[in-house]
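Participant: Quick one: structure below, then a few questions.
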Amino acid sequence: MALALSDWKGALKGTWARLRKARASASTRPFAGFEWLIAGRYLRARRRGGGVSVVALFSVLGIAVGVATLIIVLSVMNGFRTELRSKIIGLNGHVFAAPIDKLFTDYVDLSERLEKVAGVRAVVPMVQGQAFASSPYGGSGVLVRGVREADLAKIPAVSTAIKSGTLEGFDDGTGLALGRRLADSLGLQAGDQVTLQTPKGASTPFGTAPRSKSYTVKAIFEIGVTDFDTTMAFMPLTEAQAFFNRDGDVSLIEIYLDDADTVAEMREPLELAAERPILLTDWRQTNRTFFGALEVERNVMFLILNLIVIVATLNIISGLILLVRDKSSDIAILRTMGATPGTIMRVFLINGALIGLVGTVIGLIGGVLFTLNIKPIQRTLFPGAWDPTVRFLAEIPAEMNTTEVTIIVVTSILLSLAATLYPSWRAARLDPVQALRYG
């Protein structure tokens, strides 16, 4: 018995010496190894408070889901905006020139002068009008654009998107290039006949007579924007001038720039090169409402989805408060054995920081992997979830912004750290006497 008592006293002295050493180390070096050791043991919660570890697990999952959702949704919205912008301005041009005092009968010379301006990639004069296309299988309204074959080749959105047929010899006959969805709705393939009708026909003593003419489908293209593929048709410029009763002039001239964001700087050089009054509008003016709505929606979604991360940080607060209650006796023993309030506070700060960091890293990895593989995931798991007729684009676009991802990660970690302050402060203020008496 005496030997056992002697051994117990020796062990107690050794433990006390190690704690005094740890205390001395903690007083000079915050976040020492033993603080991390205690924090890790508290998170595991092996004893009767096993429910606390479950709360920590769900806190980690909450942070991960919030971070991943933010990355995925913002990447999809960025991709949606970028893809739409590239498709819209890639097809329609960056600057549009319209006549003011007289028609564009001199469009050939005017186009050559505009094309010589530095920063201009291509100039496309065109006739534009609406018509009704019909076939034995149905009918649909179409937007017809009359362009020269050489100019059509300067529009990559069309010339590189031919699915069947060819644009070679486009100027030679009366062939049309149709969007794929338009051709499908009319039951047409390359080589079939389609009839176009327009109210702007020949003038008669009784008024303007409607014009109707049959054309051969020479090519079928797919731009990837539902509105364009459903309503767009191209025909040779000279044929469009005759069909829409234009007397050797064009409706407008589209100007493609090397950089779409330089439209403001290019206005003055273009007006000087025209050598006549022209009305210039750019893609930002014609699409201001649409892109403005996309930006507002993106910002609102960012704020709403941030609430997921905030709710997850509230789980950290509740989880740590439960942990402090569960470990009140342990905290009191540590205090009586020399641990300072700062040591106790740092232990729980480490707990919350680990939860936030692990959840953020898991969410970051999951969000990035999901975004990079979003198209095959959608096609495999949700084949009918993306309807191109409703969402404009043929596939889900996604574009990650490194700055936005960094902001999401930093915000998540900072919110997690902020969530640990109150529980940690509460643990540091715990009275060891009261905790041992009532804990």
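Just so you know, glycine gets a Cβ as well, placed from its N, Cα and C.
Features from TrEMBL:
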type: DOMAIN; residues: 57-270; note: domain 'MacB-like periplasmic core'
type: DOMAIN; residues: 304-432; note: domain 'ABC3 transporter permease C-terminal'
type: TRANSMEM; residues: 51-77; note: transmembrane segment
type: TRANSMEM; residues: 300-324; note: transmembrane segment
type: TRANSMEM; residues: 345-372; note: transmembrane segment
type: TRANSMEM; residues: 405-422; note: transmembrane segment
Participant: Could you give me the DSSP helix, strand and coil counts for the domain 'ABC3 transporter permease C-terminal' (304-432)?
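Facilitator: Summed over the domain 'ABC3 transporter permease C-terminal' (304-432), the classes give 104 helix, 1 strand, 24 coil.
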Participant: Out of 51-77, 300-324, 405-422, what stretch is closest in contact terms to the transmembrane segment (345-372), meaning most Cβ pairs under 8 angstroms?
Facilitator: 51-77
Participant: In this predicted model, what is the average pLDDT of the domain 'ABC3 transporter permease C-terminal' (304-432)?
Facilitator: 80
